[in-house]
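**Q** Before I ask anything, here is the structure I am working with.
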Amino acid sequence: MTKSTVLSSYKLFAFIFIFRLANSFAIETFFQADEFFQALEPAHHFVYGYGYLTWEWKQQLRSAIHPLIYVLGYKLVGDNTTLVCISPKVINALIAAIGEYNLYKFIIVYDSEKLAWITLMLSLFNPFNWYVITRSFSNNLEMVFTVLALRFWPWNKKINGRWYISLGFGFVSCIIRPTNILIWIPLGIWLLISIRITLKWVALSFLEVVLILLINTALDYYFYQKLTFPLYNFLEFNVFKNLSIFYGTAPWHFYIFQAIPLMLMLYLPLMIYGLKKNILLLTGLFYIIGFSLIQHKEFRFIYPIHPILLYFTARGYVKFKPKFVLIGILLNICIGLFFTNVHERGVIDLTKYLATQQTPSVGFITPCHSTPWQSYFHNPNLDTNSWFLACEPPLHLNKPSMEEIRHYRDQSDQFYDAPESFLQTHLGKDLPKTEQLVVFEPLEPLMNDYLGREYYECQRFYNSFFHWDSRRDGDIIVYCRN
């Protein structure tokens, strides 16, 4: 590699990083609770000693790799509230830039530099990426490690040092999310039938996996302060006990007719047009079929194959008329701006408002985890005198049936089953009467009728024109105590 090539690579990475840094700071909306409660809250709790730990972290289901990245950021910025909010945004931009830079490098190795440039540009202007890639989801980190592994994968069917780099990145992606193994099963079979297997190769690969497992165990021990094996705990909860269905089920075709169209938006026709029968197509199909068999489904669960979808989109792009593609890209930009700056912005506006007001206590009468917590507030007092409705799963059940799951009611369910009765039973008792209460617009009549003498509306934020969860429709409202 020449000096000019290295310089060009640095410039490209710097451009992508600056682009994603702007993207990260431009996001003013809420997507899903895991962005805050499965990475930032555990990291905040680890560094500062307070923050909300969901049951997954109490049960040690998650690898420490993801939150430890944010631990580094928090340790660097110290106790400054503004920097506590900013540091994850910078880290997320860096993670995204690493992913997209290596997507470009992967396509050069797999196909051509021309297609690599097109894939990168399509990735940068993809609205789902603009909406998701700089958020603190473990699926994003999983996707980045997947792309890194694909970049170094032995596509030329020759085993050398690149294989061991690929194996390392691929195995870490499976540690972060064990279901990522669905990508490596077809690729692994393809490799095994394409190369000459030697004892040295098997032994060195095995030793590398063992070494990574030992390092990961040490990281988990450091984070949890006890010897634990999150990979086993994850399998016990999701497979052996089958408790993941508590968080909802979706039809088998969810990923085909909902997730992929959402992830690609107006790129979808290009992706279909660019499909080619090869190992990447087989890998993508195997991954989607595997995830379709799992009852609990979410859009971001198939995010690790998004780079593969973009590769096929790029193939479709080179066959299509550029002017129509340009119109699609411009419309995609509008869609991305709507979801990052308009839809569900009230939740973030509310959190910023409460943080700047230094409210002494607040109660959230909302579906569980509807707002960020200490990763935005950074206020130890709120941990002791504030609350929100919880939604712990039925950990006492072992392989529950759908009927048992339907009959189990968490705290949030109990409230929405009978709001007034719940408030009569709990408010002012196990749920203290706080200085402020937060509700979504559908509960406005309840607040006015039942608590109108004690609380008055003191602030209101637009949140959404529509929402998949009717409990979160409309504005989000702050009530202050008289």
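From the backbone N, Cα and C atoms, a Cβ is placed for every residue, glycine too.
Dumping what Swiss-Prot says about this protein:
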{"type": "TRANSMEM", "residues": "12-32", "note": "transmembrane segment"}
{"type": "CARBOHYD", "residues": "Asn80", "note": "N-linked glycosylation site"}
{"type": "TRANSMEM", "residues": "114-134", "note": "transmembrane segment"}
{"type": "TRANSMEM", "residues": "137-155", "note": "transmembrane segment"}
{"type": "TRANSMEM", "residues": "175-195", "note": "transmembrane segment"}
{"type": "TRANSMEM", "residues": "199-219", "note": "transmembrane segment"}
{"type": "CARBOHYD", "residues": "Asn242", "note": "N-linked glycosylation site"}
{"type": "TRANSMEM", "residues": "252-272", "note": "transmembrane segment"}
{"type": "TRANSMEM", "residues": "274-294", "note": "transmembrane segment"}
{"type": "TRANSMEM", "residues": "324-344", "note": "transmembrane segment"}
**Q** Do the transmembrane segment (114-134) and the transmembrane segment (324-344) come together with 3 or more C-beta pairs under 8 Å, pairs six or more apart in sequence?
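**A** They do touch: at least three Cβ pairs between the two stretches lie under 8 Å.
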**Q** Can you tell me which recorded stretch out of 12-32, 175-195, 324-344 has the most Cβ pairs within less than 8 Å of the transmembrane segment (274-294)?
**A** 175-195
**Q** Do the transmembrane segment (12-32) and the transmembrane segment (252-272) share at least 3 Cβ pairs under 8 Å, sequence separation 6 or more?
**A** no
**Q** For Asn80 (N-linked glycosylation site), name the DSSP secondary structure in the helix/strand/coil scheme.
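**A** DSSP call for Asn80 (N-linked glycosylation site): coil, neither helix nor strand.
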**Q** Using Cβ atoms and a strict cutoff of less than 8 Å, what residues sit near the transmembrane segment (324-344) while being 6 or more residues removed from its termini?
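**A** Residues 23, 26-31, 125-128, 130-131, 265-267, 270, 317, 463-465, 467 contact the transmembrane segment (324-344) from elsewhere in the chain.
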**Q** Around Asn80 (N-linked glycosylation site), how many other CB atoms lie within 10 A of its CB?
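**A** Step by step: centre on the Cβ of Asn80 (N-linked glycosylation site), count other Cβ atoms within 10 Å, giving 11.
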